[in-house]
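**Student:** Sharing a structure below in structure tokens format, with a few things to ask.
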Amino acid sequence: MSLSEEQVRSFLDGNPTFAHQYFGKKLSPENVAGACEDGWLADCGSLRELCQVEESAALFELVQDMQESVNMERVVFKILRRLCTILHADRCSLFMYRQRNGIAELATRLFSVQPDSLLEDCLVPPDSEIVFPLDIGIVGHVAQTKKMINVQDVAECPHFSSFADELTDYVTKNILSTPIMNGKDVVAVIMAVNKLDGPCFTSEDEDVFTKYLNFATLNLKIYHLSYLHNCETRRGQVLLWSANKVFEELTDIERQFHKAFYTVRAYLNCERYSVGLLDMTKEKEFFDVWPVLMGEAQPYSGPRTPDGREIVFYKVIDYILHGKEDIKVIPTPPADHWALASGLPTYVAESGFICNIMNASADEMFNFQEGPLDDSGWVIKNVLSMPIVNKKEEIVGVATFYNRKDGKPFDDQDEVLMESLTQFLGWSVLNTDTYDKMNKLENRKDIAQDMVLYHVRCDKDEIQEILPTRDRLGKEPADCEEDELGKILKEELPGPTKFDIYEFHFSDLECTELELVKCGIQMYYELGVVRKFQIPQEVLVRFLFSVSKAYRRITYHNWRHGFNVAQTMFTLLMTGKLKSYYTDLEAFAMVTAGLCHDIDHRGTNNLYQMKSQNPLAKLHGSSILERHHLEFGKFLLAEESLNIYQNLNRRQHEHVIHLMDIAIIATDLALYFKKRTMFQKIVDESKNYEDKKSWVEYLSLETTRKEIVMAMMMTACDLSAITKPWEVQSKVALLVAAEFWEQGDLERTVLDQQPIPMMDRNKAAELPKLQVGFIDFVCTFVYKEFSRFHEEILPMFDRLQNNRKEWKALADEYEAKVKALEEEKKKEEDRVAAKKVGTEVCNGGPAPKSSTCCIL
């Protein structure tokens, strides 16, 4: 049946799409040229040029759109619409590549684009996306293989999925699809569906497809790189600001998390987020366990963290960013609280997994509230939840983010950003844990110091042994005037002559420990510092008594040794005339340093502290015990009731503490050999001054030289037992040796090491020889130089020489005995050998050979 011209015209007017497609195909330059007469070739060529101009204009328009528009969807939409026309495809679609929970997928961004479509109709909103995992559908296969695919008949393609057709009531016949790549990474997949003017897409269509997709690829690359740049910028800002708040708040994990999360809220790109903090208790208290053991309560059967803790959220912090910003803190949240009711935070705390949920209301595993949470009408759409893990790989909390601001589900870049934040905050827990440990250690230290002070400090009854104010005045020392205390002390103290505290030959052997305390108090009065520096007399008594108690009850380095060193310092200053170089304040500090120089000594040396890995060795790098003695002395002086420096001004106090630092550290014999040459130069320098007064004036102003002399004085005081009269020195030497042998026993039993001869009890007989070596190698230089420096100190050097003679005589006597024993031993060995030979001859054994004859 033929159609009239009017009917054809009417049909074409009523079907513009068909007309456009039909004439677009029939009126190509080639077809028109073939239908034209020869005379029209020039005009037909002009028609071809006109089509090329139109094509160039279209390409120019695309380039212009790419340059002017930052909207990726708009540019790609125009490209797809143009492709539909050129390829004669029924429709085109754009699928964006993304990852969630570590699984790649493709989601529709532009769907069913036709030549006359509008962007608004084709742009897929986030809640209407069609999502293809990479193992489903042809687009998934394209993303996996990263190659263009031309499917001529989908019925014969094993990768085809009718999932989208069923959703849209559409029938797909053939497909041309290609990936958009950024290097080796897939960015998107573009697909053309159903060839209109043929059974399938041809190779020419593939070429055209590729040509136009160069523009799409460029645009999508720019979009992808821009998105990655934006994500990295946000990530950098998140880490920067969270670090700022983490290091600003080191004391409390809750405050640290809150400050960090609140500060970075603008960079998280979500409408709301909550942080659930987990109880870190691993073991229950006994009173919580008893009801379970008694059958009165059911044992916990709920989920646990990977390290075995019960999952208990003790606090939830809810950050609301949509509408009016708000923060809600929920201590001890109930199980049905909206942030916990879904079960997602509990699951994350149990498994440690990152969970990215695209459609919360349709999720079958977790029970999210479908309706609005509050009066604002806010609804949960998509969720990203992840654990906050500390450096010990313990889950300390769970952070959950709701509803990405642009409506799209959270992608892999969001996961990376949020994970960076939670990971950083998890590691920063180490700061608060360390602070908490330090705080506890500080508290324990304070408690330990208080306990030590309780046992060391002179109590109210002990002070009455020196200051009997109850018997004399009927009241406590604190209630007495200074003059009253001074009168009592004047009567109770022994005076300077009773125990010869001004003499180098002073011996403590005839004194009780309490008498030594009284002698120590007397030395301060003799120095004239009590009145000058306004030392409270009760404080002075308490200080000396407490120092005596702070020395341990060990063999040698006890209170008696501490007092002897202070007395020798006092004698060097007063009798040895070294006080002329020092002020009263400096003499005050030097005697105090002598009293404290070995306080709390353990009876073992520095080397043993290191070998036994004593905490002191870890606390102090060098001069281990000396630094401990110094710290202990300062600790006592820090107590107001013992602080004899309490009335010094700031500059005076700093000066005496500085001198104590030098004086006590100088008792380390390892430092003695470093300062010997410097001290000798000072002594030699003093001999260049004929006028002693000029030398005193010079040295008094030379701070460094005075400190070197003081340091050498401390060494002379520490070794002064070697300069006592022989009857005293011989006894003290045995005490020193006994303490050394005790350390040797510890090295042998505890450290399983062989001690050096000086500390070996089995070589006790070699003590005289060791003493001679010690005098020659260490002691002689000190006292020889001091006797050159001040002739008043010569008695110390003379007694040292005398003691050396005594030890040398004992050493020679021991050597003679050893030699005699060796000779006797050799004779005995010779007798045994001769007897053995005679026995062999009598028994018919071989006779000795003669050098002059031979017996046949």
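Each Cβ is built from the backbone N, Cα and C atoms, and glycine gets one as well.
Note that the structure is predicted; figures quoted are calculated from it, not measured.
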**Student:** Which candidate from Asp436, Asp446, Asp450, Asp718 does Swiss-Prot annotate alongside His561, His597, Asp598 at the divalent metal cation 1 binding site?
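**Tutor:** Checking Asp436, Asp446, Asp450, Asp718 against Swiss-Prot: the divalent metal cation 1 site match is Asp718.
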**Student:** Note the Cβ centroid of His561, His597, Asp598, Asp718, the recorded divalent metal cation 1 site, then list each other residue of that chain whose Cβ lies within 8 Å of it, in sequence.
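**Tutor:** Everything else in range on the chain: His557, Gly562, Asn564, Val565, Gly594, His601, His629, Thr667, Cys717.
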**Student:** What is the one among the binding-site residues Asp598, Asp718 whose Cβ has the most other Cβ atoms less than or equal to 10 Å away?
**Tutor:** Asp598
**Student:** Of these binding-site residues, His561, His597, which scores lowest on Cβ atoms within 10 Å?
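**Tutor:** So among His561, His597, the binding-site residues given, the one with the fewest Cβ atoms within 10 Å is His561.
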**Student:** Helix, strand or coil by DSSP: which one applies to His561 (divalent metal cation 1 binding site)?
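**Tutor:** DSSP call for His561 (divalent metal cation 1 binding site): helix.
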**Student:** Indicate whether Asp718 (divalent metal cation 1 binding site) is helix, strand or coil by DSSP.
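**Tutor:** Asp718 (divalent metal cation 1 binding site) sits in a helix per DSSP.
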